[in-house]
Amino acid sequence: MAVKAVPAVMLGCLLNILDGVSYGMIIFPATGVFENLGPMGVSMFFVSAVVAQLVYTFGGSGFGGANGSMMIEVVPFFHILANSIANQIGEDDPKAIIATTLVAYALSSILTGLTFFFLGALKLGVVVGFFPRHILVGCIGGVGAFLIKTGLTVSMRIPDDDFDLSWDTFRLMFLDRHNLLLWTLPLALAILLRVITHRYHHQLIFPAYFIFIPLVFYIVVFAAGLDLEGLRKTGWIFEMGASAHEPWYTFWTYFDFSVVKYSALWSTLPTQFALLFFNILHPPLNVPALAVSLNNDVDTNKELVAHGYSNLLSGLVGSVPNYLVYVNTLLFYRVGGDNRIAGFLLAVATAALLIVGTGPIAFIPVLVVGALIYVLGIDLVKEALWDNRHRVTWSEYITIVSIMIFMTVWDFVIGVLFGIIVCCFFFVVQNSQLRSIRAMYTGDLAVSAVRRPSMQRAYIREVSKQTTILRLQGFLFFGTIAYVEETIRNLLEGPYWLHQPIQFLVLDLSLVAGVDMSSAEAFVRIQRLLAAKRVTLVFCGFHVDSPIGKALRSVEVLGARGVELFATFNDAMEWTENAYLRAWFRSQKMETSTTSMMVPGRQDADIEYSHLVGSFVRSPRRSHLRDAGDRTIATEIFSETGPDVKSEPLNTLSKAFSSYGNVDPVLFMPISKYMQRISIPAGHVLWKQGDPSTGLYVIESGVLRAMYEFESPTQCFEESMVAGTLAGEMSALSDSPRNATVIAEQPSVLWKFSNDNIQRLQMEEPELARIFIQLVLKAAKMDYDILLSAIASRQ
């Protein structure tokens with residue numbers, strides 16, 4: 001297996017050499033006291049790579065052939081750290097500057113390691129995925145622009161600080177033929193590589209290309225008899241000086257904590273946190289992508305723990321942050337490096353390269369490094385601007401471009417902060433345009449799941465037009481509540497109120513994720529507006545102790561006069577319907593003698609009905625209730641006192657079937673001997689779901705409640721049945737098990753029609769049985785249609 005891994009190890013070493021020389025050389029700025037520290041940066045690169053490789057190989061990673069390397073994207077932040085420290089300490093104390101900078105670099109690795117470790121240990125890796133992707137894309141594009149700029153400065157061998165958007169820079173780049181050749185040649189090589197890889201996709205093209213470039217370079221040099229020292233002086237080969245002979249561990253000699261300026265170190269914390277934020281976004285995104293590419297199932301949280309260990313160890317040995325490299329690992333696998341032996345051999349080979357030292361860098365053409373930096377820079381800019389042009393919205397694309405501009409013109413930290421601010425701004429703008437009102441309709445389109453006599457049901461359908469329902473959705477904040485408030489104001493003013501006056505406004509918040517302070521205060525204004533119009537505000541879809549409930553309770557909306565709260569939409573509609581019924585019956589007590597009415601659900605003994613009852617003739621709302629009652633319920637009451645219906649169960653049967661056919665008292669007179677009158681107390685279980693059917697029941701008085709239980713507890717539903725309705729009719733007629741559990745919500749009087757008596761009726765009174773069963777089926781169809789509608793309205 002070790003022999004089989006040799007090609008992969010050779011490829012891995014080549015990739016590490018290319019990355020180490022290209023990006024290790026630019027870890028430190030090429031100005032001031034850092035001017036000759038490029039070789040030291042290469043050593044730090046290899047130390048970080050070896051540490052990461054060993055951690056991943058010895059079980060840290062679920063990828064057997066994982067390739068670890070320094071985080072290349074940290075380079076711009078490192079330059080900010082180094083320049084900030086140099087400016088605060090002053091150029092006259094180079095030892096303190098270098099020591100403080102190295103501690104800052106190591107600290108960034110330690111902070112990154114601790115963050116990764118806790119994210120993985122607490123299994124919070126998925127949280128990183130919630131961060132807006134386009135901000136990361138903008139940061140990546142900013143790093144790409146920085147690398148292109150760095151490619152220019154490395155190729156021309158000029159300090160970063162000397163490169164700015166000025167006439168002097170333009171003249172240096174385009175009017176000096178020598179400099180023009182220095183930076184355009186590696187740029188052309190980078191573009192040529194991308195042209196080749198766009199057409200040909202073999203994984204060895206990239207490393208072979210950068211082996212071929214120095215070979216051709218030295219063939220030309222020796223063929224032309226050029227002097228290497230002259231080429232170094234003119235910028236074609238790296239001028240290493242004395243640093244070419246320094247051992248790999250030289251950077252450790254600069255760690256002198258006695259000269260570290262901790263005040264300067266402290267001042268870099270904003271940049272450190274920006275760097276940390278940028279670092280932790282990569283692995284949670286790269287690891288799942290690599291798992292998909294390699295068809296390898298891994299635990300992202302375990303990978304984060306491994307990243308924690310590798311970065312923590314790297315920081316403790318004075319090196320820089322690292323991570324699992326997606327591209328290198330993918331290429332490593334494709335040439336046979338899919339096991340831990342190959343990963344261990346790569347760690348050994350990389351350590352050997354580290355021990356060899358940086359001396360060979362003195363013979364590497366600058367254009368090789370420049371081309372490598374250009375390639376990565378162009379790829380990152382292309383990924384940010386070109387690849388995402390059709391993947392993101394216009395606002396997200398503006399955010400990406402803005403981040404890149406701010407990072408390039410001003411500062412990386414400012415760019416990240418600006419991106420977050422712009423993202424929040426566009427989030428507010430876009431969500432403000434979303435309609436938080438999912439639906440609006442009147443109560444006649446969403447009756448409750450209560451079985452009522454047909455005349456009562458007709459009355460409720462008519463008067464429930466005075467109930468307006470608003471179903472809200474999403475998160476209610478200052479950007480979305482304005483539309484809700486405006487809609488409610490329009491309901492209470494102008495033509496709508498004249499045409500459709502409102503008695504109850506039902507706000508269903510079951511699909512609302514949360515309510516901010518601005519929205520809660522808006523509900524205060526809404527409640528006052530409704531109270532002025534004597535409209536009852538009915539909330540539903542949440543509990544008083546839920547976050548929404550606490551938010552509304554904090555502004556004293558809940559508990560206010562004229563405000564009601566129900567856990568479910570069905571409960572809210574049931575309560576409003578009961579209020580309409582009670583109002584009409586109470587008004588009739590002044591004129592006719594009726595028995596007290598029993599209703600299901602919450603019993604509000606002290607509810608104020610005066611604005612519902614009052615004087616019907618003075619208000620369009622009251623007149624509407626009176627007219628609807630006269631056309632519906634009044635017919636039912638008068639029929640109860642008529643000469644043909646004087647005894648039970650004929651009175652109850654007439655109430656139950658009056659809308660579906662004529663209950664002829666002569667024809668139905670024999671039915672009483674087949675029915676048994678029973679009384680049950682509140683809480684009595686009439687039957688349980690799944691029990692065999694024993695018959696159907698006609699409710700003379702009281703209230704029953706049916707509880708339907710489904711596989712999912714969240715889908716369970718309750719239905720109430722009041723006097724003048726049927727219970728258990730479908731399971732009785734079909735002789736099937738009960739489909740719900742039924743209990744007495746209030747003391748009730750029932751007429752039981754057993755299965756045996758139904759069969760006797762069919763044999764002894766066939767015509768009566770036919771009409772009776774037909775009426776039962778008509779009532780059952782109507783009741784089940786309403787039940788299904790009520791269940792559907794919850795969705």
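Note that Cβ sites are derived from N, Cα and C of the backbone, with glycine treated the same way.
TrEMBL annotations: computationally assigned, not manually curated.
Predicted-model confidence for the domain 'STAS' (469-576) is 87, expressed as mean pLDDT. The domain 'STAS' annotation in TrEMBL covers 469-576.
Per-class residue totals from DSSP over the domain 'Cyclic nucleotide-binding' (659-779), listed helix then strand then coil: 43 helix, 40 strand, 38 coil. The domain 'Cyclic nucleotide-binding' annotation in TrEMBL covers 659-779.
Annotation source TrEMBL lists transmembrane segment at 40-58 (among others). Tertiary neighbourhood of the transmembrane segment (40-58): same-chain residues 16, 19-21, 23-28, 66-70, 105, 109, 243, 246, 248-251, 254, 306, 309-310, 313-314, 317-324, 340, 343-344, 346-347, 350-351, 353-354, 357-358, 361, selected by CB-CB distance under 8 Å and a gap of 6+ residues from either end.
The annotation transmembrane segment is assigned in TrEMBL to 70-90 (among others).
According to TrEMBL, the feature transmembrane segment maps to 96-122 (among others).
According to TrEMBL, the transmembrane segment annotation covers 134-158 (among others). Long-range neighbours of the transmembrane segment (134-158) within the same chain, counting only residues 6 or more positions beyond its ends whose Cβ lies under 8 Å from a Cβ of the stretch, are 25-26, 30, 73, 75-76, 172-173, 179, 182-183, 185-187, 190, 235, 239, 278, 281, 285, 366-367, 369-371, 373-374, 376-385, 388, 392, 396-397, 399-404, 406-408, 412, 415-416, 419-420, 423.
For 178-196 (among others), the entry in TrEMBL reads transmembrane segment.
The annotation transmembrane segment is assigned in TrEMBL to 208-228 (among others).
Summarising the annotation, TrEMBL assigns transmembrane segment to 312-332 (among others).
For 344-377 (among others), the entry in TrEMBL reads transmembrane segment.
Under the heading transmembrane segment, TrEMBL lists 397-429 (among others).
Sequence annotations record features per position, and here TrEMBL assigns transmembrane segment to 468-484 (among others).
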Let me spell it out: take the transmembrane segment (312-332), skip the flanking residues so only those 6+ beyond its ends count, and list any with a Cβ under 8 Å from a Cβ in it. 8, 11-12, 15, 19, 27, 44-45, 47-49, 51-52, 55-56, 61, 63, 65-71, 74, 78, 102, 105-114, 117, 203, 206, 251-252, 255, 279, 282-283, 286-287, 289-290, 293-294, 303, 306, 338, 342, 346
Between the stretches 70-90, 96-122, 208-228, 344-377, 468-484, which wins on the count of C-beta pairs under 8 angstroms to the transmembrane segment (178-196)? 344-377
So how many of the residues in the domain 'STAS' (469-576) end up helix, strand or coil by DSSP? 50 helix, 29 strand, 29 coil
